[in-house]
């Protein structure tokens, strides 16, 4: 019976790798110092394996689960999205410029 249980557990982990990475509690308040050090974020939806809507903030080996309706968090996410779009556009312009130079 234990071999069957272990096999089923390994199968579950293989099929649903994020099942044990869900936020189970969220914080309503988060210090500005933490928001400044966020490297990336993920949005956790309330459907599927995770039953709580949250924003997961990642920074140097740590993660914080925060309320998705927090104004400070929303503002930080908007800034991060804006920065990443700017870099993509800048790279695209550089690539197009190089292609034009090669044609001439």
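Residue 1 is the first one shown; counting continues down the chain.
Backbone N, Cα and C atoms are what each Cβ position is placed from, and that goes for glycine too.
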- region 'Disordered' according to TrEMBL, located in which of 55-79, 80-104: 80-104
- Task: State the mean pLDDT for the domain 'Chemokine interleukin-8-like' (19-80).
- Result: 87
